[in-house]
Every structure is written in structure tokens, then in C-alpha cells.
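Visitor: If you scroll down you'll find the structure; I have some questions about it.
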Amino acid sequence: MVILKSTYEIEAIRKACQVVAECHRTIAPLIKPGITTNEIERIFEDIILKHGAKPYTKGYKGYPYATCASVNDVIAHGFPKDKPLEEGDIVTIDTVAELDGWLGDSAWSYAVGKISPTAEKLMRVTKECLDLGIAQAQPGNRLGDVTSAIQRHAESNGFGVVRDLLAHGIGRDLHEAPNYMHVGKPGKGLRIKEGMVFTIEPMLTEGTYLMSIDPDGWTARTLDGKLAAQYEHTIAITAEGPQILTEQ
Ligand code: MF3
Ligand code: CO
């Protein structure tokens, strides 16, 4: 069942979310050729700890790091590495912070130096999908209004929408109900209500939306080796509409 949150609880979740937002704000100007995803990992973990928060993904179902660092054809859950990022790469950094028992979750794709027009378009359209989804997350609407807006925009631009990784409710747990794919039909699915807190986190692909998992048990890649991008916010549904708790 979906756990509705009070305005007081939403403010507590926002505090955890703002730790994650600070991580992204800090890293954005630092991502350039030569930086390693292990360096990004350390910067994120330092910021999280400095706020008295916990890097929630470290140890979550055995995941070993505070961040996921997903380069090029990696869709999600890539491990931070010592390999320097190269001009033309795109990298998605995802993290979850726990503050006072509440969680905040946000992923962001970054360009490394100058990237190809295709990579640029994939990143732009993925961010637009997130924004279009959020705009549909109004009390009284249904989840299908959110997901169909995402799917329509992605596919009309020639991109795939990953089905195998889901968005989720969030609060004291990382994956609360509802768990949902970023595809659907308008007017279908769960009705969106004031007090819901959930992520919207479309993963778009240049080619096929099908994925494989590496032998490490985590790294999710596009089956055809083409690019993937992701933007994720944690949002709260209020009487006035959606609020972006992880707003940078
Ligand atoms: N943002 C991811 C999610 O929505 C965080 C999970 S990372 C994990 O589930 F690797 F720890 F699972
Ligand atoms: Co998430």
C-alpha cells in the first residue's frame, strides 16, 4: 500500500533530498575529462557525511558504494572506478542519502567535455521527459498520465524507454509502493493523491530499451551497446501540485 506523508514528514524528506541536491550542485562544474568516478564517489560521500546523513546505497542489498556511476552504455547501477572519464563520455551519477531516517534519491546525467550531437539530444530529451512527467504528477491525475507523457516524448524523438528498472515510492524505505515503469496510457494506473512521495526517473536509450546485467550482478547495460541517460527527482504531491524535493 502507498504510505501517504504528512506535510511535516514531507519537510523531513526534503531535508534528506537537499543533501543529495547539494551533491549534484557541487559535482556539476567538476565533471570534465580526467576526473574519475571514484573521485566523484568520495565527494558525494563527504558531503553526505558532513550533513550527518548516511550514504544509503552503501550496503543496500549488498551494493558496495555511496553512488552509482553509469558511463555511456551503462543504464544504471554502475560501480565507481579509477578510470578517468574521457571527452565525449556521458555519465549518470545516482545517490540516496538518509537523514533522520528519511531518504532522498536523485540521479543526474552529465556531459564530459564536448559530446556528440546524439548524446546531447539524448540527455536533453531525457531531462524533458522528467519535466513532462513531473508536470503530470497532479493530485487527481493517474500514474499513466505521468508515464505516457514520458513515453510519448521519448519515442517521438526516436529513443527507447527502459522497462526493467522502476520508479518508486520513497520515505523511510527506498522502494515503497508504487513501483512503476516509465511507460503507460493516459487515464490508467494508480490515482495520484496529496501526500504521496515518489521518484520519477526515466532512463532513455539511443537504441533498444532492452538491457543486460554484468557478471558483477549490478551494472545494467543496453543490449546493443548504445548510449543511455537518466534524470531522477524525488517529488511530493501537495494540494498545489508536485514539489521537487531534490530541486538543485
Ligand atoms: N536511484 C536508485 C533507485 O531508484 C538507487 C538504487 S542504487 C542501488 O533504486 F544500487 F543501491 F540499488
Ligand atoms: Co530511485
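These residue numbers are counts, starting from 1, taken along the chain as shown.
Heads up, the Cβ atoms here are built off N, Cα and C, so glycines get one too.
Okay, so TrEMBL annotates it like this:
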DOMAIN    11-239  domain 'Peptidase M24'
BINDING   HIS77, HIS175  substrate binding site
BINDING   ASP94, ASP105, GLU232  divalent metal cation 1 binding site
BINDING   ASP105, HIS168, GLU201, GLU232  divalent metal cation 2 binding site
Visitor: Tell me, by DSSP, whether ASP105 (divalent metal cation 1 binding site) is helix, strand or coil?
Guide: strand
Visitor: Rounded to an integer, what is the Cα-Cα distance in Å between GLU232 (divalent metal cation 1 binding site) and GLU201 (divalent metal cation 2 binding site)?
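Guide: Cα-Cα distance, GLU232 (divalent metal cation 1 binding site) to GLU201 (divalent metal cation 2 binding site): 4 Å.
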Visitor: Which of the binding-site residues ASP94, ASP105, HIS175, GLU201 have a Cβ less than 6 Å from any atom of ligand 2?
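Guide: Near the molecule: ASP105, GLU201.
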Visitor: A 10 Å Cβ contact count, applied to the binding-site residues GLU201, GLU232: which residue has the minimum?
Guide: GLU232
Visitor: For the binding-site residues listed here (HIS77, HIS168, HIS175), which one has the lowest count of neighbouring CB atoms within 10 Å of its own CB?
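Guide: Among the binding-site residues HIS77, HIS168, HIS175, the sparsest Cβ neighbourhood within 10 Å belongs to HIS175.
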Visitor: Need this for a regression test: binding-site residues ASP94, HIS168, GLU201, filtered to those with Cα within 10 Å of HIS175 (substrate binding site). What's left?
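Guide: Correct set: HIS168.
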Visitor: Whole-number answer please: how many Å between the C-alpha atoms of GLU201 (divalent metal cation 2 binding site) and ASP105 (divalent metal cation 1 binding site)?
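Guide: Spelling it out, the Cα of GLU201 (divalent metal cation 2 binding site) and the Cα of ASP105 (divalent metal cation 1 binding site) are 10 Å apart.
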Visitor: May I ask for the distance between ASP105 (divalent metal cation 1 binding site) and HIS168 (divalent metal cation 2 binding site), taken between their Cα atoms and rounded to an integer number of Å?
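Guide: About 10 Å separate the Cα atoms of these two residues.
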